[in-house]
Amino acid sequence: MGLLVESKEGGCGGRNGGQGSWRFFTRRKRVDSPTISNNSSQAQLAKELTVPNLMAVGVGATIGAGVYVLVGTVAREHSGPALAISFLVAGLAAALSAFCYAELASRCPSAGSAYHYSYICVGEGVAWLIGWALILEYTIGGAAVARGITPNLAALVGGANNLPFFLSRQLIPGIDIVVDPLAVIIIFIITGILCFGIKESTMVQSVVTSVNICVLVFVIVAGGYLGFKSGWVGYELPTGYFPFGVDGMLAGSATVFFAYIGFDAVASTAEEVKNPQRDLPLGIGGSLFLCCGLYMMVSIVIVGLVPYYAINPDTPISTAFSDHGMQWAAYIINAGAFTALCASLMGGILPQPRILMAMARDGLLPPFFSDIDKRTQVPVKSTIVTGLVAAVLAFTMEVSELAGMVSVGTLLAFTVVAISVLILRYIPPDEVPLPPSIQESIDPVSTSYIWSSLEMDEKDTAANVGTSRNQKTLVIEDDVSVDDPLTAKDPSSGNYLHEGNRRSVVGWVIAFTCIGVFLLTYAASDLSLLSSVRFALCGIGGVLILSGLVFLTSIDQDDARHNFGHSGGFICPFVPLLPIACILINSYLLINLGAETWARVSIWLAIGLVVYIFYGRTHSALKGAVYVPTTQVDYTYRTSTSCLA
């Protein structure tokens, strides 16, 4: 127990020194609490958002124009009439990540989303990886959405020839580049709206998202009328409800899972929510529930109006209505697709400036990105940079080929958030860095004074049994019954699991569980492996996962979790089963993204590693940080003050 001082070279001094020069990779920042804030000395974002605002952000970022196309391709190739079940299964899988996000968002309501949570629970290196991957996701995702606006607007006005010259795509001779001026104009408009303030931008987002929802409701109601009128011919097929089998339905679920990506944008606005403990879980859960319901209802209608094999893969909804004599409905549907793209673009640009701001606050990026405008209380500079980069990409590049890279950042974030929940519940951080003001007041003399005080306090409390690191190793004898909430429920584990080694053992169990997930998903996905090797890897991975699940289920969670961050918010249910299932699903999807996607992402991550080593590592706010046990934070504050007196 005691103080841990990180040296300037990245190693550690003090009591727990000598842990190597790579400690900077695992250093963790302090979680905000009702009494202590990481950003108390910095300009704050405006707290303006409520549940309806959060749902507008979540639904707008999630329901893009993809739903107007996705129902056709998935029904034809995978699910058939069971398309609604595919959306339901995918929605349940996405809900696993939503539960994890809801707990962490309510406990740690600061900007940064998954980057912020992983920095607190896992470490700086993983947090940088997640933040860097999310930057790529939102940049390419925003540019890809913007490039899709022009063809949808052209369909709305009757063809590309009807668009004004300055809005239509143009081929630049000699360099074979098709520029898209409309995409740039839309991005600049949305960037300007976001710079006005979070209240104003979410109001616009609510209006645009409402139009999109109204169009989908029109599809459901009008399509339902046509279905009852025509007898739902799509369901009267000899092939039955599962023409591709259950495997086809599940393959369709894996495809439509990406239609739910976007609810994590709600978590990025955590610092701007009036009542984050209540509103963030409701915003995340409500937006996901509404999206799932709309997806399922639209699917039921479309596959019922037209046999799945006859659905137009490019324009499934408008073609289905045209086949029943409602050609005019195409204008309403195209208007819905246009507004869906605009809402998705706004929901995609909104989170990135806040992630850049959070990383700059922590010193991992230049302080330029952390500036907050005093009048609008939003990160205007980061927002403008985000808009400019997205506009350049959308104007000059056909980014559709890079769209697969968008999924990597989200799936990595989902995976790390689930791991963070396991860490929070079983081995929450037991050391926290002191704020700069306290660090400056702690010199070698006062450090020695604090050490001696803590050691005397440690001797006085050595006989007590508890959950913090300031207590001695608990030795359990066979003939003594001790009710310790941190030891295993199974009496046989009392011989090896005690307070002295509990954190280390549980940490390794979580690590080996994640390794088991990787082995199982990789072996199940790589068909080029020999069957014997595949079965062996699947067996090893399955044993590691089951062993980890059984072990974590058999021990109680750490009592320190009750005092971690802001209490009184949402609590993720079914831990450890739910986070482990979340890790398994997201890892499987990550591995199946394809070698080309991973090759491109690896280049971006390698660039990020270079930036981190040469800038982020040396400018981190935690460089040279003084760490104290969580149970001694208040004591250290008082002691440092008395040393200065």
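Here the Cβ of each residue, glycine as well, is placed from N, Cα and C on the backbone.
Looking at 1-21, 484-504, the range annotated in TrEMBL as region 'Disordered' turns out to be 1-21. The stretch from 81-102, 248-267, 288-311, 531-555 that makes the most Cβ contacts under 8 Å with the transmembrane segment (54-75) is 248-267. Counting Cβ pairs under 8 Å to the transmembrane segment (207-228), the top-ranked stretch among 288-311, 378-396, 402-424, 505-525, 597-615 is 288-311.
505-525 is the stretch from 288-311, 505-525, 597-615 with the greatest number of Cβ pairs below 8 Å to the transmembrane segment (531-555).
Among residues of the same chain six or more beyond the transmembrane segment (402-424), those with a C-beta under 8 A of the stretch's C-beta atoms are 96-97, 100-101, 103-104, 107, 113-115, 117-118, 120-122, 126, 129-130, 133-138, 140-141, 144, 258, 261, 264, 510, 514, 552, 561, 564, 572, 575-576, 579-580, 582-583, 586-587, 589-590, 593-594, 596-598, 600-601, 604. For the transmembrane segment (567-591), the most Cβ-contacting stretch among 81-102, 248-267, 378-396 is 81-102 (pairs under 8 Å). Sequence-distant contacts of the transmembrane segment (378-396) (same chain, at least 6 residues past either end, Cβ-Cβ under 8 Å): 45-46, 138-140, 142-144, 146-147, 177, 179-181, 183-184, 187-188, 190-191, 194-195, 197-198, 349, 352-354, 356-357, 360, 368-372. Counting same-chain residues at least six beyond the ends of the transmembrane segment (288-311), those with a Cβ under 8 angstroms from any Cβ of the stretch are 55, 58-59, 62-63, 67, 71-72, 75-76, 79-81, 83-84, 86-88, 91, 94-95, 98, 213, 216, 219-220, 223-224, 226-227, 230, 232-235, 237, 243, 256, 259-260, 262-263, 317, 319-321, 323-324.
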